[in-house]
Amino acid sequence: MNERVTDTAEKPARRLPGVEGVWVFLAADMLFFTALFVSTMIGRRDAAEVFEAGRLTLDPNYGGINTLILLTSSWFVVLAVNAAKHDRLDEIPRWLLAAFGCGVAFGISKAFEYGTKLSAGITPASSDFYMYYFILTGFHLLHVIGGSVMLLVFWKMSRRRAFDSRRLAVLESGGLYWHMVDLLWIILFPLLYLMK
Amino acid sequence: MAAMSLNRAAILTWAFLVCASIATGLLIGGKGLSPAIVVSLILLIAVFKARMIVLHYMELKHAPLSWRLAFELWVVAAAALILGIWLFTGSAANCVAP
């Protein structure tokens, strides 16, 4: 039939979602975290026993629950972007609100986790391990808080119908940032909680 | 229709990511494997998860190749640096003894 025509004519063009500047920002942020990952590993080399003792006081259930919260929240953002792509405008605020709810849940879970540490007298000054633990999870939490505020703003914007298939760049760019927050946690969680 | 298939792809990705996270949970609870194997597998699963997010949620699968490769390279490099330092600086050796 006409396979040859469809082969070339219907192949979708490669497309970078969002705006290019966001990707540069994400790359810079990810390199910053890579430097933190490497310095954590070097700190571990110098004090392996202190790190292992510290790690054993962390509850991997908190980390695991936080992983599921962020994965789910990323999924909600994908659904919001898909809804915008297909002009299903009523769906967008629903998914964004759900993603925001996940961000809040992550914050509450982290507050409980920090609370158990601080009430046990554990601070960043307690050991090298806890210094890295609080710095890495603290920087990551700041990203979650910033991202949650962004999702709330997007939610309000989507209620005013600010996003649709022709006005995607802002929503997509914010979504990419939120996925990066998820991505960083996927590396950070085993690094601090799971590696013996 | 297109929206439905995109949403179906998104839930499949989510389901894969959740299953991979559960596999990580089973690994850390498992007995009988050496720490080097457990840590390597945990990081391997993390690489698969991170790559799924990069390709499907961040949509780099259909992006210009240079951007796709740069972010895929970051995923592999970040995990390789962590595992490499762990294996070659004695952290692993410290943990082999019970």
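Positions of Cβ are set from backbone N, Cα and C atoms, glycine also.
Remember, TrEMBL labels are computer predictions, not curated facts.
Taken from TrEMBL, the feature domain 'Heme-copper oxidase subunit III family profile' covers A:21-196.
Annotated transmembrane segment per TrEMBL: A:21-42 (among others), in sequence order.
Among the features that TrEMBL reports, transmembrane segment is placed at A:62-83 (among others).
Look at TrEMBL and you will find A:95-112 (among others) tagged as transmembrane segment.
Positions annotated as transmembrane segment by TrEMBL: A:132-155 (among others). If one looks beyond the transmembrane segment (A:132-155) by at least 6 residues along the same chain, the residues whose Cβ comes under 8 Å of a Cβ in the stretch are 29, 33, 36-37, 39-40, 43, 54, 58, 70, 77, 80, 93, 96-97, 99-100, 103-104, 106-107, 110, 123-124, 163, 170-171, 174, 177-178, 180-181, 184-185, 188, 191-192.
Within the same chain, residues 17-18, 22-23, 25-26, 29-30, 33, 37, 40-41, 55, 58, 60, 63-64, 66-67, 70-71, 73-74, 77, 99, 132-133, 136-137, 140, 143-144, 147, 150-151 sit at least 6 positions outside the transmembrane segment (A:176-195) and bring their C-beta atoms closer than 8 Å to a C-beta of that stretch. Look at TrEMBL and you will find A:176-195 (among others) tagged as transmembrane segment.
With a cut-off of 8 Å between Cβ atoms, the residues of this chain six or more beyond the transmembrane segment (A:95-112) that come close are 62, 65-66, 69-70, 72-74, 76-77, 79-80, 83, 137, 141, 144-145, 147-148, 151-152, 154-155, 158, 178.
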